[in-house]
Amino acid sequence: MGIPVRSLLVASIVLSSIALHVAAAKNLDPYKVLGVDKSASQRDIQKAFHKLSLKYHPDKNKSKGAQEKFAEINNAYDILSDEEKRKNYDLYGDEKGNPGFGGGNFGNREGYTYFTGGGAKTSHFSSGDGWQTMGGQGNTKTFSFSFGGGNPGAGGGNPFNFDFGDVFSNIFSGGSMGGSQHTGSAGKARRGTKSSGHDSSSVNIQEVTMQIFNKETADQGITWLLLFYTPNTKGQFVLESVVEDVARSLDGALRAGKVNCDHEKALCKKAGVSIGKSARLFIYSYTTTEKGSLHEYSGDYDSKSLKTFCQEHLPRFSKRVDINQFSFPSNIIPNLPQVLLLSAKKDTPAMWRAVSGMFRSRLIFYDAEVQDVSHPLLKSLGVKNIPALIGRSVNGEEQLLKDGISVKDLRSGIKELKNLLENFEKKNKKLASNQAKKPAHTDQPKENKIPLLTASNFEEICGEKTSVCILGIFKSSKAKENLEAVLSEISQKTLIRGQNYNSGNAVAYALLDGNKQSAFLSTFDKSAFKSSDKLLLAYKPRRGRYAVYDNEVTMEEAERFVVSVLNGDVQLSAAGRKPVLR
């Protein structure tokens, strides 16, 4: 039966159109398309592709020619990311017009063989152009195009078989659609080259299993970028590229990992992450709590946006203080040393936030902005240059750990700070151990550790994290000495100590100058303060209630008052307002 002339004519037109598309695409120099040199590394090629594909993605760029440009970019990357294809292009299809498909000289044996695959609306070309050696007769090479069936968001079918809704999809992925042996092999080869296209020198994105998550991620104090995906999800490739860029720029402050939810179903279920058509990116951070939690990233897929997101989610365990009003609190958390970073930064430095997460349950962190070293505290400790690190040991001694701290990048800075903090922590463990071993000497005066309550340390000592704040209020130096000795003795007694600060069940002790803080005292019972040289005030910040003891302050009576407050045996009065120190 003869073939109708009209059908032959239509087929001829279609084939001619396809051939023109192919020739035009192949005539473009992939190096020029991506804007890289012939000596470019795989990493350079990958970065160029990432940048251009985001710029010309049809979902974001609606200008005329963006879709065609996007196809050219993907086509160029498909060549240069595959070492075999790149080698063949350099030999036979470079911009100088050497014999080969890329130079426009088809020669003999460079013709096309058209055949139809088994899938609907799918057609294939076989060409001897040097793109991919597939074996078989004549070293025939194949690539495929799809008519119709494109991404709905791309405005109809696209002739290059790209999923324009996803720049990460495999280039020329028609291998599984057609019935051709050649096309299937080409598809497998191209899928295999996606992983090999990554530069080995790039930041390692670790495969995270349940075991690794429990051992290295969960509540370890380190911030993680975690990419959740399955082999069929879209977006993984470019997301990995962006994650690599950010992990490299924040190297030391965070780690990067990926979770295959097909293999790690239990981990993804535990994390509460379900995967649909697209990969999902989360940060595991400690922004507000002692325990880590996942926060999903929903911003643009570019390094700048993701880096900003990561910086916002770095740990915040360091309290920003005013150096002019700062003094180390003395008895907030027993046996925990305290550290203060002095820098010229207006905000808490990223490296200090990072290490505050790593040491969050082992040290108490502060930081302050300092523009010069003329402050009395800095002079007394011998600080000559900033940045500087000051520590307060468990025995109350304040010391300069290091000044003039110089680092070349974030990673080296974090390493330097970690070394300083680890050494300081070891010394304090020895101090605490030695103090525990020493016998008590009743004939020696005990060291007084009761701080003076000021505006700068009020929230730390008597803020809402504290259950009960016991204040010794004095109006003379003699009264101050007496109250300091009494409260220091009481604070050391285990029965009423109750200083579990992290759980919010702390009993804090402090002294208050009644002469200077009359406005603060006016919040409470004014009559008691007028006639007394010294008295005790028990204040519960969360409830805004208080009790006053204004009789003779002896060790026995003071202890009885504190125990009564803790046991709820004393009736508390409501404060007129929240007390404020000046």
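Numbering starts at 1 and runs along the chain as displayed.
Every residue, even glycine, has its Cβ placed from backbone N, Cα and C.
A quick note: this is a predicted structure, and the numbers were derived from the prediction, not measured.
What Swiss-Prot records for 1-25 is signal peptide.
Residues or ranges marked as domain 'J' by Swiss-Prot: 29-93.
Feature annotation from Swiss-Prot assigns N-linked glycosylation site to N61. The 10 Å shell around the Cβ of N61 (N-linked glycosylation site) contains 15 further Cβ atoms across the protein chains shown.
Annotated region 'Disordered' per Swiss-Prot: 178-201, in sequence order.
If you look up Swiss-Prot, you'll see 407-437 marked as coiled coil. Using a Cβ-Cβ cut-off under 8 Å and counting only residues 6 or more beyond its ends in the same chain, the coiled coil (407-437) has close neighbours at 249-253, 335, 337, 339, 350-352, 354-355, 358-359, 362-363, 389, 391, 393-395, 401.
According to DSSP, N61 (N-linked glycosylation site) is assigned to coil rather than to any helix or strand.
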